[in-house]
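Novice: There's a structure below that I have some questions on.
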Amino acid sequence: MLTIIIPLATLLLSTWLTPSKRLWEIITTQSLIIAVMSTTWLMTQETSPFLNNYFTIDGISSPLLVLTCWLTAPTLLASQSKLSKEPISRQRTYIFTIIMLQVTTLLAFLADSMILFFIMFEATMIPTLIVITRWGAQKERMLAGTYLIFYTLFGSMALLTALLYFHETFGTMSISLAKSFSANYTLSTCSLTWWLACLIAFLVKMPLYGVHLWLPKAHVEAPIAGSMILAGTLLKLGGYGILRMNAFITDSFTPLAQPLVVFSLFGVLLSAILCSRQTDLKSLIAFSSVSHMGLVIAASMIKTEWSIIGSMVLMISHGLVSSALFCLANTSYERTNSRTLILLQGTQIIFPLAAAWWLLATLMNLALPPSPNFIGEMSILTSLFQWSNMTLILTGLGVVFTTAYSLYMFWSSQREHLPSHLNYLPPTHTREHILLALHILPALLLMLKPTLMF
């Protein structure tokens, strides 16, 4: 446990004690060292060590822990350009808020008790809200923050009630002990309400189509760091929560999950169609997250071995690829001050290397073989087809529209004729290429050994 606490505590202290001239370089280097150290957690999947009575690492949490640590350095790199012009006190506050957000997310993934997980799950809301409402670009950021609070708290109250009821009945909330329970439930109104209360907070966080309206607003109004963390790790808290609650929910509830699986697949299709109608680049990427997370929800609900593997792989690869797409959108926004697709067209002519990053990220987003997205989606589609042959219609259409909106995004932002107002843009910096390499290269390396995410 000390190997986790000491580096993170040092990072938080360095935010306030580092000389202002070298603030960004030292903090980014420290976070990169922590990210490299965290890769050792991938080797602890089979041993399932208890760090203490409250925290543990296993096969589900270790890839998500590594992803959270890995994305801290790119988050700081992406923010450096805009934030370095602000007063030093604001820079330190911003960095401290980002690191606190990552620390609370890490503790949520480490928690062995569901009550402790719930506390950390809610604690991530505070830094997220500060980042969006304080450093957002437009006045609508306050509305986005309000949406975020009310959607999340609506589900969380129900979850807290369900957890307290479970603790009252069984006397423990330990995830490790829950696997040995043989609780038999009779399907009644009370048990149905309890089942819904267990899942609603995580379905809002993912988000499920229908309770997703907070996500595009939050993404559009958030600064680049907020968008990267939201897409990279915070949405994964929802998927992780569903996988953890499966230990408490027995197979007697399986018939209840069937309408939810079908609805989430309809959500995949509808959000993919919505992506094709977007004019705002960040809004398009946000809706693509809703589409991908719909597949993860469906896979988590049917609870087969292949579906759990597929949902884990898709969550990890989506965290890297979606975060990379937001970085690319931000590089365009910093130069043109616009996110409208029609005003960004033709930039491939003046930024050919950036266009290569766009192409790689787009192809991974549409799950081109043998990318990790493809491995995850293929596992999920196979398990869904075995669950019901009719799901092939919805998943097949979802794949078609995902390909369509991904190519539409690339073509609209990179191809066509270059508008005259884009002729004199500053070139892309080495910092931005390093930032994108930190997203794309791990995704490419995971092709060589995807079992690290299983």
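In case you wondered, yes, glycine gets a Cβ from its N, Cα and C as well.
All annotation found in TrEMBL is predicted automatically rather than curated by experts.
Not measured: the values here are computed from a predicted model.
Reproduced below are the annotations present in TrEMBL:
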type     : residues : note
DOMAIN   : 1-107    : domain 'NADH:ubiquinone oxidoreductase chain 4 N-terminal'
DOMAIN   : 111-401  : domain 'NADH:quinone oxidoreductase/Mrp antiporter transmembrane'
TRANSMEM : 27-44    : transmembrane segment
TRANSMEM : 51-73    : transmembrane segment
TRANSMEM : 93-121   : transmembrane segment
TRANSMEM : 142-165  : transmembrane segment
TRANSMEM : 185-204  : transmembrane segment
TRANSMEM : 224-243  : transmembrane segment
TRANSMEM : 255-275  : transmembrane segment
TRANSMEM : 284-302  : transmembrane segment
TRANSMEM : 308-329  : transmembrane segment
TRANSMEM : 341-367  : transmembrane segment
TRANSMEM : 387-411  : transmembrane segment
TRANSMEM : 432-448  : transmembrane segment
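Thinking about packing and proximity, how do these listed features fit into the structure?
Specialist: Same-chain residues lying 6+ beyond the ends of the transmembrane segment (27-44) with a Cβ under 8 Å from its Cβ atoms: 3, 7-8, 10-11, 14-15, 18, 57, 62-63, 65-66, 69-70, 72-73, 76-77, 80, 95, 99, 452.
Here the transmembrane segment (93-121) has long-range neighbours at 4, 8, 11-12, 15-16, 23, 27, 31, 50-51, 53-57, 61, 64-65, 68-69, 71-72, 75-76, 79, 83, 86, 127-128, 130-131, 135, 156, 159-160, 163, 166-167, 173-176, 201, 205, 225, 229, 233-234, 237, 240-241, 244-245, 248, meaning same-chain residues at least 6 beyond its ends whose C-beta is under 8 angstroms from one of its own.
If you look at the transmembrane segment (224-243), the same-chain residues 6 or more away from its ends with a CB under 8 A from one of its CBs are 60-61, 64, 67-68, 71, 74-76, 78-79, 82, 94, 98, 101-102, 105, 108-109, 117, 121, 124, 128, 131-132, 135-136, 199, 201-207, 215, 218, 282, 285-286, 289, 293, 296-297, 300-301, 308, 311-312, 315, 318-320, 322-323, 326-327, 330.
Long-range Cβ contacts of the transmembrane segment (255-275) within its own chain (Cβ-Cβ under 8 Å, at least 6 residues beyond either end) map to 187, 192, 195, 199, 208-210, 212, 284, 287-288, 290-292, 294-295, 297-298, 301-302, 384, 387, 391, 394-395, 397-398, 401-402, 404-405, 408-409.
Same-chain residues lying 6 or more positions outside the transmembrane segment (308-329) and placing a CB less than 8 Å from one of its CB atoms are 60, 63-64, 67, 71, 74, 78, 219, 224, 227-228, 231-233, 236, 239-240, 243, 281-282, 285, 288-289, 292-293, 295-296, 299-300, 339, 354, 357-358, 361-362, 364-365, 371-373, 375-380, 382-383, 432, 435-436, 439-440, 442-443, 446, 450, 453-454.
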Novice: Below 8 Å between Cβ atoms, which of the listed ranges 51-73, 142-165, 387-411, 432-448 makes the most pairs with the transmembrane segment (185-204)?
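Specialist: Between the candidates 51-73, 142-165, 387-411, 432-448, the best contact partner of the transmembrane segment (185-204) is 142-165.
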Novice: I need to check the long-range neighbours of the transmembrane segment (387-411): which residues 6 or more away from its ends have a CB within less than 8 Å of a CB in the stretch?
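Specialist: Same-chain contacts beyond the ends: 261-262, 265-266, 268-269, 272-273, 275-276, 281, 284-285, 288, 291, 295, 298, 302, 304, 307, 341, 358-359, 362-363, 365-367, 377, 381.
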